[in-house]
Amino acid sequence: MKRVGAHVSIAGGVENAPLNAQKIGAKAFAMFTRNQRQWHSAPLTAASIEAFRRNCDEAGFLPEHILPHDSYLINLGAPEADKIEKSRKAFVTEMQRAEALGLTMLNFHPGSHLNLTDEDACLKTIAESVNRSLDATAGVTAVIENTAGQGSNLGWRFEHLARIIELVEDKSRVGVCLDTCHLFASGYDLRTPEAFDATLREFDRVVGLLYLKGMHLNDAKQKLGSKVDRHECLGKGMIGIDAFAHIMRHPALEEIPLILETPNAEGWAEEIAMLYGFTNE
């Protein structure tokens, strides 16, 4: 089964995320576990944790279909000592929050060298950050999201993702989330079934399909290879609807979260229904 959902709001508490996902006909969802634009947040309460787990149970969401995202402030490749320690501490907290909620994955952007060090040094720093977080937690997989290639952010080439995974000690607790807009912006074509399949074969060759834990389904406002991260509603951007129809029929993409991050949240239920219209599910 294809597990399509969206990155839903946690307004009023994390326990509302599964309810918000259920309302739009989702079979998976993503969320933040706290305010993503602040370094510090109040700990999750026992009541919130219990309500979240109960709501997931009642709505039929299993942990493997939920892909929480960490704070945008975290940079696990930061070259400065004070900033990397702050980011690593925050990331461990994010992993612990996911663990407390009974979740098995945490999605993160790999990091940026800020033009202060070279790519490989930054990739080593990112991998060391992941290793430390895995040592400090149990049961949660760190899921690297590919990036669009903007600025000094790494993760826009499959080789970057492969290098991080190579350096992570516990290979059973690292994975990848492929964002379609980011793929397209960084130069990987998806516009036809043939182009999509070629890109997925390249991912399998360089990284390995066994590491694919989820996808973000977004069309792109800018052209192929633009390195501009601007999401568009499905079928209204430069990728086009054929790619997303193909994803829904692709046998390698079963039972992983396929998460919408398209600009119009009001249209998510319609987009989800449209995607399921490409299948018999």
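Glycine residues also receive a Cβ, built from the backbone N, Cα and C atoms like all the rest.
His182 is the only one of His113, His160, His182 that Swiss-Prot places in the Zn(2+) 3 site (with Asp229, His231). Between the candidates Asp82, Asp118, Asp179, Asp189, Swiss-Prot assigns the Zn(2+) 2 site shared with Glu145, His216, Glu261 to Asp179. Around Glu261 (Zn(2+) 2 binding site), a 10 Å sphere centred on its CB holds 17 further CB atoms from the protein chains shown. Comparing Glu261 (Zn(2+) 2 binding site) with Asp229 (Zn(2+) 3 binding site), their Cα atoms are 12 Å apart once rounded. Summary for the binding-site residues Asp179, Asp229: the Cβ-based neighbour count within 10 Å is maximal at Asp179.
For His109 (Zn(2+) 1 binding site), the same-chain residues that are 6 or more apart in sequence and have a Cβ closer than 8 Å to its Cβ are Asp70, Tyr72, Ile74, Glu145, Thr147, Asn153, Gly155.
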